[in-house]
Amino acid sequence: TVWPAARPVGGGRQLNSGETWNLDIPAGTSTATIWGRTGCNFNGNSGRCATGNCNGALACALSGQPPLTLAEFTLGGEFDSYDISVIDGFNIGMGFSCSTG
């Protein structure tokens, strides 16, 4: 089980083996970060994760704590870009793609 999180949209949720999480990013969103948390235990909307914890919240408003694998995108500048980053450590394998455009 992985507990993905995203900011500024998406928040967080439980993702069981074999499931996917599609995010609908609102028009005008210029940057976002998505990461997976592991070893989580939540009671309602609060809890703790062994990796990628974001202040104990299920729906993250803050960035996760290292180690965490990050998917990032930046849109609307001279160039749009997206990538997978391990600058804050590595905790899970991740795939990231654009479904339109």
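Glycine is no exception: its Cβ is also placed from the backbone N, Cα and C atoms.
Under the heading disulfide bond, TrEMBL lists Cys40-Cys49 (among others).
Feature annotation from TrEMBL assigns disulfide bond to Cys54-Cys60 (among others). Around Cys60 (disulfide bond), taking its Cβ as the centre, 25 other Cβ atoms fall within 10 Å, counting all chains.
In this structure the alpha carbons, written CA, of Cys54 (disulfide bond) and Cys40 (disulfide bond) are 11 Å apart. Here the disulfide-bonded residues are Cys40, Cys49, and the one with the most other Cβ atoms within 10 Å of its Cβ is Cys49.
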